[in-house]
Structure formats: structure tokens, C-alpha cells
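As C-alpha cells, the structure follows; a few thoughts come after it.
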Amino acid sequence: APCTYPGQQCKSDDECCHGTCKTAFIGRICMR
């Protein structure tokens, strides 16, 4: 499955291409 890039919404760390899934103002996004 394709991975989620930084700045895009995610549900868990393992979805992210880089870094981790963190809570932001717009919901949870992948961050380096």
C-alpha cells in the first residue's frame, strides 16, 4: 500500500513514509 507523506492526514505511525502520525490543528498528520 502507498504510504502517507508528511503533512497528509493519517491514523497511525506505520502509515507515514517518514516520521510519525501526530495530532495537529486539522487532525492527525504525518510529521518528520
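Using the three backbone atoms N, Cα and C, a Cβ is placed for every residue, glycine included.
Quantities reported herein were computed from a predicted structural model and do not represent experimental measurements.
Swiss-Prot records a disulfide bond between Cys3 and Cys17, which is the match among Cys10, Cys17. Taking CA atoms as the reference points, Cys3 (disulfide bond) and Cys21 (disulfide bond) are 12 Å apart.
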